[in-house]
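Okay, so here's the structure we're looking at.
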């Protein structure tokens, strides 16, 4: 194998480059020759000595199967092993066609580098063994009549080669009787050679594969060779997955089958890990797509809610506080604010809503949330807590940590609310170390994490429900008993922190959630939240109001006028900029929407600041992936507000900016 020559044929230079790189890296002693069409490949094979040909099936004019047939039909090149590369969609018919053409193996693209190298090694070992056997056979045919001692020498050389191959090799007849086995076969199965020679191949196959041996033998006799996956059983009863490469041959002048086994345990493990990673990727992609959709819908919701809240507040100012109309309006305002809160959850889920985060000890927030939980659930539900107060800080927003605890605990309660005997909710917080060898999502980001555990003794979940629990609006609760947003909000918050959330559950065995949040290396107490005293909510300054929604402009103009301000309103950002350009000193403040046609709010603000650097600007948005609060303030904008706004917040923000 050290001086093996490999021919790679593919009409795509990129594919040839990849093959060269892989083979050069893992088999540096091998020499690889490339050809971009079958004609050039055949010409090289006929003029040079080759140990292996790797041929792409799909090539224009002269495809890989035809080239394989040409090689196998030419006595000069018939001994070159051929591996055909096929696309992932290639069907059984194509593979049978290739085998009939003389192909020794198939590899499906995209292929795994380790599998490719392993298969090349097997083919080169077979080629080397066949070459040696062929050379020995020629020598023996010439000298056997004169020097019988040379036959004994050749037999010793054959045995040495046979037993030095690392893969198990068997020689058997068509009924399964074992004629010979190498040392690797003995080591793998736990038998000695004498024991194996008294057995049939069916006795060392797994039960389900033993039944398939007659049909596979028949197929191998028809085709001359066959490659298939199987499984063997060791002396101790262990089942080992294997790949069998078999071909019809002779042994002691009798028809026989030579088979080489390749242990597939490592490959199967790699395939399993790959499937797990693919499932994680699919889940992440699905959550990202749903989050993007949710964020887009939030913009329209907020623009609808803004005038509803604004006009409701104005009408409440116009009616007596003790009237039925005022009470009705209060209920409308509450409903609108609940809707606004739902939109906030959507934005949190979609990771599009910026939150104030600071280093904090989350055990304080968790204990505060547990007080509310205890008051909200019946006494039949026991609430246990095991909180390590010495846990380090995390970079978090206390409101979001509160949301995580509340949603997980309420979810746990709902899982037990119909149990006559009640149930238990257990919550624990501790520091854990995630290592690269740990089989969880965070193994690629090892380090110290705070692990929040919330478990219940409820009804549990099956695998189908577990796969969907983090999807928004998915719920197993009764109608009108939940929105299905709680766990999706938790998932969005945890992911935005660079953490992970896992769930363990079985039907009838309860559910346990683990939330992992990365610990900060610094040790600072959480920043205190300071509320400034309310500024004057009224004024008389001149405000330029810009929004492309007629309803919002009309409502905001009325609200600002009632607060005493003079208002010039525009529904076109271009018109607003033109009037500002002509009279920049006429306005004391600009309030503009972000998402507008022709000129967005950020661009409008930039253009205005170029004309008058000291102009105060408030940027409002229902949703934006283009700009956040930090970016807005870095551009010179004084305040960044999320719609919908209540009158009090708008009034206080205006006074704060103008002060």
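Each Cβ is built from the backbone N, Cα and C atoms, and glycine gets one as well.
Look at TrEMBL and you will find 5-124 (among others) tagged as domain 'Response regulatory'.
In this view, residue 56 (4-aspartylphosphate) is surrounded by 22 other Cβ atoms within 10 Å of its Cβ, with every protein chain counted. Summarising the annotation, TrEMBL assigns 4-aspartylphosphate to 56 (among others).
For 137-164, the entry in TrEMBL reads coiled coil.
Sequence annotations record features per position, and here TrEMBL assigns domain 'PAS' to 154-224.
Sequence annotations record features per position, and here TrEMBL assigns domain 'Histidine kinase' to 296-521.
According to TrEMBL, the feature domain 'Response regulatory' maps to 542-658 (among others). Per-residue pLDDT, averaged over the domain 'Response regulatory' (542-658), rounds to 91.
Annotation comment: TrEMBL describes 593 (among others) as 4-aspartylphosphate. In the three-state DSSP scheme, residue 593 (4-aspartylphosphate) falls into the strand class.
Distance from the CA of residue 593 (4-aspartylphosphate) to the CA of residue 56 (4-aspartylphosphate) is 58 Å. In the shown protein chains, 26 other C-beta atoms lie within 10 A of the C-beta of residue 593 (4-aspartylphosphate).
When the domain 'Response regulatory' (542-658) is classified with DSSP, helix, strand and coil residues number 55 helix, 24 strand, 38 coil.
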